[in-house]
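Engineer: After the structure tokens below, expect a handful of questions from me.
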Amino acid sequence: MFKKLKQLGPGMIVAAAFIGPGTVTTASLAGAGYGYTLLWAMLFSIFATIILQEMTARLGTQAKMGLGEAIRKKSVNKVFRYLSFALVISAIVVGNAAYESGNLAGAIMGFGKVPEFLGINSLLLLIGITAFILLLIGKYKYIERFLVVLVSIMGIVFICAAILLEPSISAIIKGLFVPLIPENATLMVVGLVGTTVVPYNLFLHASASKTKFKDTDSLNMSRLDTVISVTLGGIITMAIMITAAIAFEGNQNEFKGINSLGTQLQPILGDWSISFIAFGFLAAGFSSSITAPLAAAYATSEILDWKGGLQNIKFKLTWALVLLSGIIVASWGFETTALILFAQVTNGLLLPILAIYLLWIVNDKELMGNHVNSKLINVIGVVVIITTILLGARSILSAFGII
């Protein structure tokens, strides 16, 4: 059993990617405002993410292709191909660059005033340098192990906090299996799903699976990795919701960020609660600050057919650009509204397109051999695609202030 657990990896990278500061904040707001009522939305998110990530992991293990490579090879129409390339690169690279500053700023949010070095928060600089060194070394196993450690830290912090608060088990079960949408909670439901089903994870997972699982007999291990890791990530998000539900008791207005969560828990968990939650947030921001540049580099290199993987100089320049832009923006507080608006729109367009592409690709016998989708998975896949279309529409409408 322990030997099998040691083989977990690509799925953990996906979990590390989607549990970032944005997810922690969204989950906290959901718990603070609606208690346990929206836990079912996270249960659905876990299910939808497993379906999509299993397909992309299967592409990596069986066809030995990343998603970008498969899109490039299967796009026969040149106009459609170049439009797809432009959308992927703009959404993933520019989008991840826009979000990277939030990952880095979120990582240090719980630590208050920290000494500066050359005008840059020293903790932020340390995180940026560590991420840079890890990616520069370019050894997949080191990146994977580091991210597994960060996910473990998040699990320990947030799951332990939820357990120590002794939540109502019956209320949790009701929240999980009775899908209710309270008044004004529709956008929160979409937000919870949207923070879990992430476009760049489809690129990241296929590429990581191709690297990790060298032989095609690893399919069962890959599936186990996906199910365990995504479920763990979902449980961590649920634990944050439960913790916030108890801390704020339905008063969302009292939630003012991660520090307020630690403060609210102080009477229950003691003086260490603020530091404990801060370390959980550090792990969330740190993990996403590594996966966002990595995913941008994977997507670009596969779409543009760069050879050499992690060691390719163009690959390194891509992740370095995303990471550096995040450090600069987080350090000096440049206005990123226009970039984030652009990222929301392009990612809103990209998610359903990628999901449709993925469903098409994993039904291609030439690529997948005997490992094409079953009819049941195709039906479920269509339901997930409809969900991604709704998510995409919400992202675009939200970006323009329509909803």
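Just so it is clear, glycine is given a Cβ too, placed from its N, Cα and C backbone atoms.
These came from TrEMBL, pasted as-is:
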TRANSMEM  12-32  transmembrane segment
TRANSMEM  38-59  transmembrane segment
TRANSMEM  79-99  transmembrane segment
TRANSMEM  119-137  transmembrane segment
TRANSMEM  146-165  transmembrane segment
TRANSMEM  185-203  transmembrane segment
TRANSMEM  224-248  transmembrane segment
TRANSMEM  272-296  transmembrane segment
TRANSMEM  317-334  transmembrane segment
TRANSMEM  340-363  transmembrane segment
TRANSMEM  375-397  transmembrane segment
Engineer: Given the cut-off of 8 Å on Cβ pairs that are 6 or more apart in sequence, determine whether the transmembrane segment (317-334) and the transmembrane segment (375-397) share at least 3 such pairs.
Structural biologist: no
Engineer: Rank 79-99, 119-137, 375-397 by Cβ pairs under 8 Å to the transmembrane segment (272-296) and hand me the top one.
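Structural biologist: Per the Cβ count, the answer is 119-137.
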Engineer: Do we see three or more Cβ pairs under 8 Å linking the transmembrane segment (146-165) and the transmembrane segment (12-32), pairs being at least 6 apart in sequence?
Structural biologist: yes
Engineer: Tell me whether the transmembrane segment (224-248) sits in contact with the transmembrane segment (79-99), defined here as at least 3 Cβ pairs under 8 Å among residues 6 or more apart in sequence.
Structural biologist: no
Engineer: I'm a bit unsure how to read this: which one of 38-59, 79-99, 185-203, 375-397 has the highest number of Cβ pairs shorter than 8 Å with the transmembrane segment (12-32)?
Structural biologist: 185-203
Engineer: For the transmembrane segment (185-203), what are the same-chain contacts with Cβ under 8 Å, counting residues 6+ beyond its ends?
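Structural biologist: For the transmembrane segment (185-203), the nonlocal Cβ contacts are 14, 17-18, 20, 22-23, 26-27, 29-30, 33-34, 37-38, 41-42, 44-46, 48-49, 52-53, 56, 66-68, 91-92, 95-96, 233-234, 237, 291-292, 295-296, 298-299, 302, 347, 350-351, 354, 358, 384, 387-388, 390-391, 394-395, 398, 403.
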Engineer: Taking residues 6+ outside the transmembrane segment (38-59), which of them lie with a CB under 8 Å of any CB in it?
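Structural biologist: Result: 10-11, 14, 18, 27, 30, 65-67, 70, 172, 175-181, 185, 188-189, 192-193, 196-197, 201-203, 205-206, 209, 219, 222-223, 225-227, 230-231, 233-234, 237-238, 241-242, 355, 358-359, 361-362, 367-368, 371, 373, 377, 380-381, 384, 387.
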